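Contents: one structure, followed by commentary.
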Amino acid sequence: MKIIVFGITHKKATIDLREKVAFSQSKKQEAYSLLKESPFIHEAVILSTCNRSEVFAVVQDTSIARRWFKRFYTDFFQLKETALEGCNHFEKGREAVQYLYHVCVGVDSLVIGEDQILGQVKEAHAEALDFAATGKILNKLFLEAVTTAKEVKTETAISENALSISSIAVKQMENHLKGLVGKTVLVVGFGKMSRIAIENLLCKGIKRLYICNRTKESVQELIEKHPQIHYLSYDQKYEMLNGVDAVISATGAPHFIFYKEDMEKIYQKHRPMCMIDIALPRDIDPAVKEIEGIELFHIDDLKEIANENLAYRMDCIEIIKQSINEAIEKYEGWYQCLPIYPRIQAIKAYSETLTDQELEKLFKRLDHMAEEDRQVIEVVVKSLVKKMWKTPILQLKDAGIRGNGEAFAAFVDEFLGLDAGCGK
């Protein structure tokens, strides 16, 4: 079995392509069904964010898996045959393991060191568990990668000066409007990215903040705490455009929610407006930027601000990589021993059965012996047997880590006179 990862990220793929291959919730359900049906895929976890669309998997044959996943993406998302050329990535074995650790720490993010990706990885793993698509190999990998990421983030403070996509959007807005004090802002959506944006906006001295969401109940607590916050129903989003200085949109809609044709009918040019779209798929029709008076930004336009404080965070990366390599060595040791564990359990079961049988024979011959004395003998014999097996079992584990566990197991069988198939 081999661990692989296939997909696309912000490093090679444009936002147009990332938008096409984003796994919505409904698409995830369908995708997991297909992944579970495939004879080539034994375990799978889908990681889909605004900057990446990837599948981590356990496969038997990496060459077949690479071709299979390329075809899967092309067919599932109805892409042209050449759509993924030059912009997909594929890692296998240690490289795939290392890649996930880097993703969790934020080394592979648009914003180096950002924290949001760690939560997204945890959610992706939880979803895979819900769909019964993952197993012991990826479960162990994701849990270890998340744990290591938390530790190294604390040790190195790589996230200390990092920004999230949402906070970068607010900073872009602040730069474009030359300050946010006294401004009026509309935030569309109330998911995690929207809430982070709202937290940042409330620190900027804005005059009024409108939150547009399908239900008022979810934002009621914020409204009660902050008098400058007002609720808008989803149907009112266009009506407010002429009364705000800026818009941040971050919904989970699978289609545009702001269209050029509709905005042209409503938007009045008496005041310029900044619109920032941090959703994927995008919320705002890219053609909106053609409307006079409107400045439109999407995720890929935020890279310059994302690189602020980058030098400090890059200094942390070498320390992080060392910690990650140590964690990977530990995981790979566990992974290499997977074929050995059944043999170890079989050896233990064999020795326990043999010990119990011999003790039973002994106690039948010594039926006059007091129960207390029997217990003493049983404890001593079982302890002795356990000690005798300790070194062979440790050697078997070490052999597994070195990659020659099966050969060593066969030697142990022959040397100790066990059945050749006791570990199968």
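Backbone N, Cα and C define each Cβ position, glycine as well.
Since we're looking at a predicted model, the values are computed, not measured.
Here Swiss-Prot flags Cys50 as active site, nucleophile. DSSP assigns Cys50 (active site, nucleophile) to coil in the three-state reduction, outside any helix or strand.
The Cβ of Cys50 (active site, nucleophile) lies under 8 Å from the Cβ of Arg18, Ala22, Ile165, Ile278, Ala279, Leu280, Ile299, each on the same chain and at least six residues away in sequence. Per Swiss-Prot, substrate binding site is recorded for Thr49, Cys50, Asn51, Arg52, Ser109, Glu114, Asp115, Gln116, Gln120, and the stated evidence type is sequence analysis.
In the three-state DSSP scheme, Gly191 (NADP(+) binding site) is classed as coil. For Gly189, Phe190, Gly191, Lys192, Met193, Ser194, the entry in Swiss-Prot reads NADP(+) binding site.
The residues near the NADP(+) site, meaning same-chain residues not in Gly189, Phe190, Gly191, Lys192, Met193, Ser194 whose C-beta sits within 8 angstroms of the mean position of the site's C-beta atoms, are Arg195, Ile196, Ala197, Ala250, Thr251, in sequence order. Residues Gly106, Leu110, Val111, Ile117, Ile165 surround the recorded substrate site, their Cβ atoms falling within 8 Å of the Cβ centroid of Thr49, Cys50, Asn51, Arg52, Ser109, Glu114, Asp115, Gln116, Gln120, which are themselves excluded. Spacing of Asn51 (substrate binding site) relative to Met193 (NADP(+) binding site) is 13 Å (Cα to Cα, whole number). For the recorded site, Ser109 (substrate binding site), the DSSP three-state label reads coil.
DSSP assigns Gln120 (substrate binding site) to a helix in the three-state reduction. With respect to Asp115 (substrate binding site), the closest of these binding-site residues in Cα terms is Lys192, chosen from Gly189, Phe190, Gly191, Lys192.
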